[in-house]
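Since the structure comes first, as structure tokens, the remarks are kept for the end.
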Amino acid sequence: MLDIKRVRDNFAEIKEMLLTRNEDLGNLDDFENLDAKRRELIAKTEELKAERNKVSEQISVMKRNKENADEVIARMRQVGDEIKELDIQLNDVEDRFKDMMMRLPNVPHESVPVGTTEDDNVEEYTWGEIPAFDFEIKAHWDLATDLKIVDFERGAKVTGSRFLFYRGLGARLERALMTFMMDLHAEEHGYEEMLPPVIVNRESLTGTGQLPKFEEDVFKLAETDYFMIPTAEVPVTNFYRDEILTAEALPQGFAAYSACFRSEAGSAGRDTRGLIRQHQFNKVELVRFVKPEESYEQLELLTGHAEKVLQLLGLPYRKLKMCTADLGFTAAKKYDLEVWIPAQNMYREISSCSNFEDFQARRANIRFRREPNAKPEYVHTLNGSGLAIGRTVAAILENYQQADGSVVIPEVLRPYMGGKEVIAPK
């Protein structure tokens, strides 16, 4: 959520910046009227409450002096009725105002390129050599099926489209990647490991920004107010919801492995085959809580941690700085890492690394004190995929495929695969 005072004091500038985001701004133009009405009602209510307190004291004095207080008592009742009526109006305005603020996206950072489509994203650099093949390459879904390490058909039979079974060395590869990533982030990058719940309440999804605007994108448990998480970012960020941290506790980072669940409501017809877009997938997520003045330095650090996974796996990738129209709802600045997928002859997203500044912290009420008695300030939150495991499997299968249909296992994963070097056709 945006800082109300910042929007109030810089409305025209904030509106102009938000319009570059290619997001639905809802009833933003009502901000000034609603804000003024809200402040007017608050002032009137406080004025009447002060009068009620004064009249109450006056009645006490009159009763002690055995004076007739009927008129004053009648006035106090009238004031009480006026306060009740104003409270009803104020609650209505507050609800409308809060709903509007909850649906406004974050303000882009000044370093974010202005753009209208994904074509305006800026490529920072590429890493690694794109492999050259002297044979006809296969898509990862054909490789996985031929090697009998993923079963798409039975996943669809048991559940539905965009579900699958990993089996044999496919299940082992998925598990190896998870353990490798968690070891790297915990032992070398200094993150604390976390295994979060995969079901959260409405407050948690509101805190990280998925609700109320994007409820159709998440799976809701019937007849409850519980949801399946779309990413571990949700439970891990909400770990500190409604808490005040010490300055010494910052910066703080968590690496969390979890299953993720997404309805892909807006993705009909896209990536209908393979591992790129599943309703259920596993991911390692990096979340950081930092002081405001450190957050952009921390964004570079976090992005580097995600890049290190790709580098150690020997997977070619590129780093994109996302333009204003492709930031998503919550980010002030975002980098995407895209891994090379040979069969598609293109880079595909495998990680998004974002600085939300205090946008999530305001929604989730996560604060810190610089000194023991100092006024609490909002932390800045960051997160990034470190990495999405299914897409990493797809990239390994395609980039490491051999002419005989086998797939070489990246060297860094072999200790996690029992020393096995190749996944070969049976």
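Even glycines carry a Cβ here, placed using N, Cα and C.
Per Swiss-Prot, L-serine binding site is recorded for THR231, ALA232, GLU233, GLU285, SER385. As annotated by Swiss-Prot, ATP binding site applies to ARG262, SER263, GLU264, GLU349, ILE350, SER351, SER352.
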Original post:
Within 10 Å of the Cβ of GLU233 (L-serine binding site), how many other Cβ atoms are there?
Top reply: 30
Original post:
Under a criterion of Cβ-Cβ distance under 8 Å and sequence separation of at least 6, what residues of the same chain contact GLU264 (ATP binding site)?
Top reply: ARG162, ASP217, ARG277, HIS279
Subject >> Nearest of the binding-site residues (THR231, ALA232, GLU285, SER385) to GLU349 (ATP binding site) - Cα to Cα >> reply: SER385
Subject >> Site extent for L-serine (largest Cα pair distance over THR231, ALA232, GLU233, GLU285, SER385, Å) >> reply: 9
Subject >> Number of Cβ atoms other than its own within 10 Å, given for SER385 (L-serine binding site) >> reply: 26
Subject >> Shell of the L-serine site beyond THR231, ALA232, GLU233, GLU285, SER385, same chain only (C-beta within 8 angstroms of their C-beta centre) >> reply: VAL234, VAL236, ALA256, SER258, CYS260, LYS283, VAL284, LEU286, VAL287, ASN383, GLY384
Original post:
Here are the binding-site residues: THR231, SER263, SER351, SER352. Which has the lowest count of other Cβ atoms within 10 Å?
Top reply: SER263
**OP:** List the residues of the same chain that sit at least 6 positions away from ARG262 (ATP binding site) in sequence and have their Cβ under 8 Å from its Cβ, in sequence order, or write 'none'.
**Re:** ASP217, VAL218, PHE219, PRO230, HIS279
Subject >> binding-site residues (GLU285, GLU349), the one with most neighbouring Cβ atoms at 10 Å >> reply: GLU285
**OP:** Measure from the CA atom of SER385 (L-serine binding site) to the CA atom of SER352 (ATP binding site) and give the result in Å, rounded to a whole number.
**Re:** 6
Subject >> Proximal residue to GLU285 (L-serine binding site) among binding-site residues SER263, ILE350, SER351 (C-alpha distance) >> reply: SER351
Original post:
Under a criterion of Cβ-Cβ distance under 8 Å and sequence separation of at least 6, what residues of the same chain contact ALA232 (L-serine binding site)?
Top reply: MET194, PRO196, ALA256, TYR257, SER258, CYS260, LYS283, GLU285, VAL287
